[in-house]
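> For reference, the structure I am asking about is given below.
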Amino acid sequence: MKLFSKEQIYEGDQLTIERQKISSTDLMERAGTQIFNWINLRMQGAQVPIHIFCGIGNNGGDGMVLARHLILEGYNVKTYIVNYSDKRSKDFLINYDRVKNITKKWPEFVHNQDDFPEIKQDHVIVDAIFGIGLNRPVADWVKKLFIHLRKSKAFTLSIDIPSGLQTDSIPLDDDCVVLASYTLSFASPKLVFFLPKTGKFTINWEVLDIGLDSEFLTNTNTTFNLIGKYEAIPIYIPRDKFSHKGQFGHSLIIGGSYGKMGAVTLASRGALSAGAGLVTAFIPKCGYQVLQSSFPEAMVITDANDDYITNVEFNFSPSVIAFGIGVGVNMKTVEAFKVLLETNKVPMVIDADGLNILSNHPHFLELLPEETVLTPHPKELERLIGTWSHDFEKLEKAKEFSNKHKVVLVIKGANTITVFENKFYINATGNPGLSTAGSGDVLTGIITGLISQGYNPLSAAVFGVYLHGKSADIAVEDYGYQSLIASHVIEYLGAAYMDLFKQPETSSEKHKDDA
Ligand SMILES: NC(=O)C1=CN([C@@H]2O[C@H](COP(=O)(O)OP(=O)(O)OC[C@H]3O[C@@H](n4cnc5c(N)ncnc54)[C@H](O)[C@@H]3O)[C@@H](O)[C@H]2O)[C@@H](O)CC1
Ligand SMILES: [K+]
């Protein structure tokens, strides 16, 4: 799913008005009516007090349209105008008048703290105060209103975006933003729903289709894309009946040191379960028994050294090499990595200590084959690209790093984001159960296994992250967040593949909370 920028949404809005020969008031009517339908379907006429807080721009206008429909339908509605400015938009004013024409209960003005109404926990709040037009911090009394809304603990439905949240910056503090129980967003979800510091302001979200111009929707390229099932399906490469293991490549997983052999086992299993034809693990001698007995499907080559890797030598041609899992940062291992990079020509996936070695020896980055996949967690990323003061800066720095070194950067997190060639792929699957030992090793294995069977590195990264998260989403149904372990992610990988063709995208995939 495309994540349109604020500028693109305004443009789409304008094009829709021109091409469909409708007025902006008509488009607002569609938006407000969609919100009304959503609420009406769920509330079925219930007389719970609904407090609609409207700003004075077009987001407030949407709120006014909603208020009119709810009042006409007999709901128990109280409408407020949060009067933070006198510059009311045309369509706001039109819809304000329309409300006044159908009820004697005219919207009440809120100018300051004294005007805040009492809201009980079992009431409903609609937040139509600011939309994507917000371009500076909110006034102090408006911030106090947001706190007041939050304190009520009432279900809060935000229209388009939680008020106070800007589309391209991080709020000064948490009180500057409405905490939405649910956001109904027009045209596309907003990027900020997926970033760690801002995703928390909406527990859930959904996109409402307001019939924007289809040519605009199809032809507009976006920098950010959300990867759910519909985006994953076209990446999948089907297998034909006469295929054999020689076609799916040979993954070489280089890693491990004394006490960290499980990680290599997990990555090797991940690679094979993702569909690699053959997997060989290259490990220090001490891991030989461990790997052979815990994962008989893998072949094993050992280093001359017992406890860590000192010299990588093998006598076959792998399709892809993964390096770094549990490998440690011993100087001999660092040297072995350098020698490997100097001679290697095949695609690579680098994780864990492999990334730390790259951070400590940045000139190694020049030796990486183009499109090498790097899979850092936040700390490893920081070591690679330096610190950042907010999520937008992090994404910018990650993009620069990826461009400079021509690498596919997989930024692991609640919504893992893959960066390559100025594009960002935000993963929609996965859950908090993945915050468990070894889950990153499995991901590295999966991506390696996908490259091995012919996926290009970017597709392997994006699809691998999707499958990894999806597998965890299916497994969590049986194990719960607490008991899910990395091995389960491997075991449910088959189910994740099969799910691609089973049922339509589930709501949990589309409406991922970022908690
Ligand atoms: N583009 C679309 O697809 C559609 C957008 N609609 C709604 O229109 C919204 C955008 O409306 P607007 O552009 O009018 O903007 P908003 O309603 O988001 O903001 C209101 C106005 O406040 C001003 N403002 C910004 N920051 C402020 C601050 N801190 N203190 C005081 N004033 C401030 C801005 O100049 C802006 O015009 C969307 O979020 C959506 O809800 C819908 O009506 C239908 C279609
Ligand atoms: K809003």
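Even glycines carry a Cβ here, placed using N, Cα and C.
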> Can you tell which of G386, G438, G440 TrEMBL lists as binding AMP with K412, G413, A414, N415, T416?
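So, going by the record in TrEMBL, that would be G440.
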> Determine which of N40, N58, N59, N225 appears in TrEMBL for the same K(+) site as D127, S163.
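According to TrEMBL, the candidate sharing the K(+) site with D127, S163 is N59.
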> Give the residue from the binding-site residues G61, G413, G440 that has the most other Cβ atoms within 10 Å of its Cβ, counting over every protein chain displayed.
G61
> In the structure shown, which of the binding-site residues N59, N135, S163, T416 has the fewest Cβ neighbours within 10 Å?
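Per-residue Cβ counts within 10 Å for the binding-site residues N59, N135, S163, T416 bottom out at N135.
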> Once the DSSP letters are reduced so that anything not helix or strand counts as coil, what is G61 ((6S)-NADPHX binding site)?
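SS state of G61 ((6S)-NADPHX binding site) = helix.
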> Whose Cβ, among the binding-site residues I132, A414, has more other Cβ atoms within 10 Å than any of the rest?
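Counting Cβ neighbours within 10 Å, the top one is I132.
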> So what sits near N58 ((6S)-NADPHX binding site) in its own chain, CB-to-CB under 8 Å and at least six residues off in sequence?
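Same-chain residues close to N58 ((6S)-NADPHX binding site) (Cβ under 8 Å, separated by 6 or more) are S24, M28, S89, D91, F92, G131, G133.
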